[in-house]
Amino acid sequence: MRPAIRSPSADSARPVPLIESAPANAAPNAHRRRRALRTLTALALALALAAIAALCIGAYPLTPAQLFDALTASDTLLSSDPMLRQARAVLLEIRAPRVALASLVGAGFGMAGAATQALFRNPLADPALIGVSSGAALGASALIVLGPGIVAGPVAPGYLPIAAFAGALGVAALIHRFAATRGQLALPLLLLAGIAINALCGSTIGLLTYFANDTQLRSLTFWSLGSVGGAQWRTIVAITPFALVGCALLARERHALNALQLGETQAQHLGVPVLRVKRRVIVGTALCIGSLVSCTGMIGFIGMIAPHWVRLAVGPDQRIAMPGAALLGALVALCADLAARTLAAPAEIPLGILTALLGAPFFLVLLWKQRAALGA
């Protein structure tokens, strides 16, 4: 019996399974995933070590063993050891709230900065550039100065993040109104409007400072310099839900922001509602930054530095860049605060000054690279 002769044309017409080409494409993807996992793990470990160092270092120094004993000691042991009781009080009432607030602020600014830079497709973008930070500071400053006269008494701390978010959202809505043209959101107009609104908010805060009394003036000075020195558990509890909701809104748009890197036209062809995504990112940024600024004042450049460094390490994928920027932002804020309270001890340098000293040269370097890329 003669064997059947297979036609060459039949073999050539048969489709080649996609699985045969998968290993060649899967290898780079697997390498990128491993690199991203290593980067996120390294950032998480560095953040944990920085938190331990921040809990141990200060005017009342502790060793890691003393830190562990103070955190795990029973009530019986605490009652019989006054030194251990004092160490625990320092940890839980002073240093732990400060570490928690610095980490929260850095993570929020880092994540908002990653979303803002992805939205504008520009490494120089920062939440402060679109007026969100100054709007939040204006809302909180107005409550500090005008609130006691309106309610005829002291203002509850829980209203401060609400006022800051209202200021941030109001400024974001105003900027959006200026930048919206023919159903589109012109990003260059958004930046220009943000610059103008920043100047307006700064002058209004200066006017409030002029009319403030001594107590209010100290609070406004704290706002202008930025610090986590006044961290308390009640304020952290008050702002955390707002910050988490804002971060959740930003994380929800991570896939859409990835599509926007191809350009708005291509993203629309892929089914991305571009205008809706822009609005959601602005609202999420306003909610996150507004709540954080209400507790710390103006702290700049973290939202620019952290996302840029993370993108250099893991690429522009927002599924990795957002959590990476949050971890690196928390690490930068924690290390900067540790330096702020130890470099000039017993005095304390405001955190906003240190981040500006670090961020301004970094911004100039980025600006110089952009200038070189444009052939200037």
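Including glycine, each Cβ sits where the backbone N, Cα and C put it.
Those TrEMBL annotations? Automatic predictions, nothing curated.
The shown structure was predicted, so the numbers you read here are calculated from the model rather than taken from an experiment.
The following features are taken from TrEMBL:
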- 1-27: region 'Disordered' (REGION)
- 40-62: transmembrane segment (TRANSMEM)
- 99-120: transmembrane segment (TRANSMEM)
- 127-152: transmembrane segment (TRANSMEM)
- 158-175: transmembrane segment (TRANSMEM)
- 187-211: transmembrane segment (TRANSMEM)
- 231-251: transmembrane segment (TRANSMEM)
- 281-308: transmembrane segment (TRANSMEM)
- 320-339: transmembrane segment (TRANSMEM)
- 351-368: transmembrane segment (TRANSMEM)
Worksheet entry | Among 40-62, 99-120, 127-152, 158-175, 320-339, stretch most in contact with the transmembrane segment (281-308) (C-beta, under 8 angstroms) | 99-120
Worksheet item: Out of 99-120, 127-152, 158-175, 320-339, 351-368, which stretch has the largest tally of CB pairs under 8 angstroms to the transmembrane segment (231-251)?
Response: 99-120
Worksheet entry | Same-chain residues at least 6 beyond the ends of the transmembrane segment (351-368) whose Cβ lies under 8 Å from its Cβ atoms | 102, 123-124, 224-229, 296-302, 304-305, 308, 332-333, 336-337, 339-340
